[in-house]
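Participant: Below you'll find the structure I mean.
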Amino acid sequence: MTKWNLAIDGPAGAGKSTVAKRVADQLSMVYIDTGAMYRALTWLALNKDVNIHDEAEMHHLLKESDIRLRGPEGEEGIYVNGTNVSKAIREPQVTNNVSYTAQHAAIRKEMLRKQQLLAAEGGTVMDGRDIGTAVLPNAEVKIFLTASTDERAKRRYEEEIAKGMDSDFEKLKKEIAERDKIDSERTEAPLKKASDAVELDTTELTVDEAVNKICLIAEKRVDADE
Ligand code: CDP
Ligand code: CDP
């Protein structure tokens, strides 16, 4: 049986990582979080005082760093130069700077190369912003996951409250809208629905419903191709 890839793109808080992980488990595929790679580089730049807006400096930093989506024993987690940064890359400082890192052409070129290698043998569920359009344009199944800005901000708010954080809904909503704007308006591989992607609005859906719908779409597509 040929192994196929599933691309999931969409704006912040649409549910990509939550849903992609579950779909990957259900279909016995491997989940790849490409946003974590941009976040890891952003975390490193902030820690090393590298200017995020300087493309050459950022490219140099990426070339000399070791970013991995698995631990030394194959455990889940994102590692930068051997350090587990899985939690640190979700901090607001990283979230609010990552879109600047992701604007640079030289960074995107290198990330795309790494991501294509990870999916070369198929069997992956990869989520991000440009998977269906640039990283895996030939992915057998493509989903563009959306939800209203209010709903996406509400989801982030609830996550922060559950973590015991002092959250501010309006501030989160503004930050999400700002990140969407930068991601959608950049020149290099902007956030965009691939012409052959199926759009799924999850505003009114539970996680289970979204997972089931994607699995059904995937099974239909893959069966039709066999
Ligand atoms: O989980 P969340 O939607 O907040 O973001 P993420 O998937 O972790 O991605 C963080 C940022 O990385 C995005 O806002 C984009 O700027 C960038 N990114 C990208 O440009 N291309 C990708 N394939 C994945 C992420
Ligand atoms: O990766 P992305 O930024 O697109 O979203 P996420 O990090 O998976 O966060 C989505 C949040 O919304 C999680 O807390 C989910 O439990 C929740 N959620 C969802 O993902 N899908 C729904 N249909 C409803 C809620």
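Heads up, the Cβ atoms here are built off N, Cα and C, so glycines get one too.
The feature domain 'Cytidylate kinase' is assigned by TrEMBL to 7-217. Annotation comment: TrEMBL describes GLY10, PRO11, ALA12, GLY13, ALA14, GLY15, LYS16, SER17, THR18 as ATP binding site.
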Participant: Averaged over the domain 'Cytidylate kinase' (7-217), what pLDDT does the prediction give?
Facilitator: 96
Participant: List, in sequence order, the residues of the same chain other than GLY10, PRO11, ALA12, GLY13, ALA14, GLY15, LYS16, SER17, THR18 whose Cβ lies within 8 Å of the centroid of the Cβ atoms of the recorded ATP site.
Facilitator: VAL19, ASP127, LEU145, ALA147, ARG152
Participant: Tally every other Cβ atom lying within 10 Å of the Cβ atom of ALA12 (ATP binding site).
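Facilitator: Other Cβ atoms within 10 Å of ALA12 (ATP binding site): 24.
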Participant: May I ask which of the binding-site residues GLY10, ALA14, THR18 have a CB within less than 6 Å of any atom of ligand 1, listed in sequence order?
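Facilitator: So the answer is none.
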Participant: For ALA14 (ATP binding site), list the number of other Cβ atoms lying within 10 Å of its Cβ atom.
Facilitator: 26
Participant: Once the DSSP letters are reduced so that anything not helix or strand counts as coil, what is LYS16 (ATP binding site)?
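Facilitator: Going by the DSSP assignment, LYS16 (ATP binding site) falls within a helical segment, counted as helix.
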Participant: Within 10 Å of the Cβ of GLY10 (ATP binding site), how many other Cβ atoms can you find? Include all protein chains, please.
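Facilitator: Result for GLY10 (ATP binding site): 28 neighbouring Cβ atoms inside 10 Å.
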